[in-house]
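Participant: Before I ask anything, here is the structure I am working with.
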């Protein structure tokens, strides 16, 4: 075979002409030390605070401490595969996560990667995990209700769309149960909705919980058909502290997608105590100076910048909303500890759950005296306002009298009546788990309580009376429920119908 010099030179010229000159440039650094989920890196001179970096083995990290001679990086994963001298690359992107409707029904980790084995995410875009909260001008005051389906909350501590309402209590007082009931209660509304702007989407963020607990929550949601409108973000106890720190921001960004596109979402952070503990661990390992209870000085800002992102937007901005229900776990009912007081001061009210009430069988164990909703009353529907107005006062008087009555032997009839009414109302506010009630059913039940229909009954019969009443309402009183649902207020005509219905029912009930 003859080799022609001209041909060789032609081939070489062609290859040189097509040679890509764009060399890949990546700013790199070297690991100085690594341990406890923190890496100290030399180099990376132009790295930004909060920027995602990549280690040689593919594990990602986030630059948090930018010091004169090194960079402190928290590692989103196992630090075992990283060693001294390894190369670290800048990605030149601030930490971002997937958002969109493709996440509904999925379980993802703190970075938004799916962990439910259902394959890759589809129909998603990417947004930064940390963004500024909306300012004052785009907002509107809270005026639409979020129905939890729990009588004690919807009547006494109403929650509005765009509100931040704290759920606070010791371990095992039913905090997650309140969240689950709220999610399940949206099913009826969402099934009837004509379009997405009428639905209420849910985002559940589990921080530092056992995997078995998260699996149980997902199973309950799936069994009740509630996963279709829910996103679960799970950073469990076995995951590194940086992922537990990031998970609430990840979930919030996912919820903001609905808020910014004229839809409504509610996000549950379960719980922020564990996020603060994870942040404390990271901060101490990064050698940031500790403050009260060894938390870093900016732990207030950690929670305030997260919760300020919940908002009700005005009509010019799409009228969407993001409601936040953070959870805080207290130790021995100590609401005056550092993190609880911080979060109470950031939120628009709190639902206080008590161990004593829980063990007395009052479940949900809501302490009506200490719980408050600072903006929710303007979101409550008129019918509920009309029937529940007196219940708070009557329960407060009952608690005051009950303490006093323990010492007094003979009580006048008025006091006895007050105590009897209070005991029946307390009984009426009890509710089984996973059985949320529609607001029109709550209105009828509470009307029966506040207008004296329970006074003739034994306290032990109240629960049975309520169950029978609800059964009767759903069968023979369906038109009455429909008129309350559509009218959203008790007109004279509807009230007369309700009184007649309760009178007739009272005669049959025995």
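Glycine too: its Cβ is placed from the backbone N, Cα and C atoms.
It should be emphasised that the depicted structure is a prediction, and the values quoted were computed from it without experimental measurement.
According to Swiss-Prot:
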- 169, 170, 171, 172, 173, 174, 175, 176: ATP binding site (BINDING)
- 371: site 'Required for activity' (SITE)
Participant: Using a 10 Å radius around each Cβ and counting other Cβ atoms from all shown chains, which of the binding-site residues 171, 175 yields the largest count?
Facilitator: 175
Participant: Applying the rule Cβ within 8 Å of the centroid of the Cβ atoms of 169, 170, 171, 172, 173, 174, 175, 176, what extra residues of the same chain belong around the ATP site?
Facilitator: 329, 353, 355, 358, 365
Participant: Among the recorded positions 172, 173, 176, 371, which residue has the largest number of other Cβ atoms within 10 Å of its own Cβ?
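Facilitator: Top count of Cβ atoms within 10 Å goes to 173.
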Participant: So if I draw a 10 Å sphere around the Cβ of residue 174 (ATP binding site), how many other Cβ atoms end up inside it?
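Facilitator: Taking all protein chains shown, residue 174 (ATP binding site) has 20 Cβ neighbours within 10 Å.
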Participant: Can you tell which of the binding-site residues (169, 170) has the fewest other C-beta atoms within 10 angstroms of its C-beta?
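Facilitator: It is 170 that, of the binding-site residues 169, 170, has the fewest other Cβ atoms within 10 Å.
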Participant: I'm trying to understand the geometry here, so how far is the Cα atom of residue 175 (ATP binding site) from the Cα atom of residue 371 (site 'Required for activity'), in Å to the nearest whole number?
Facilitator: 14
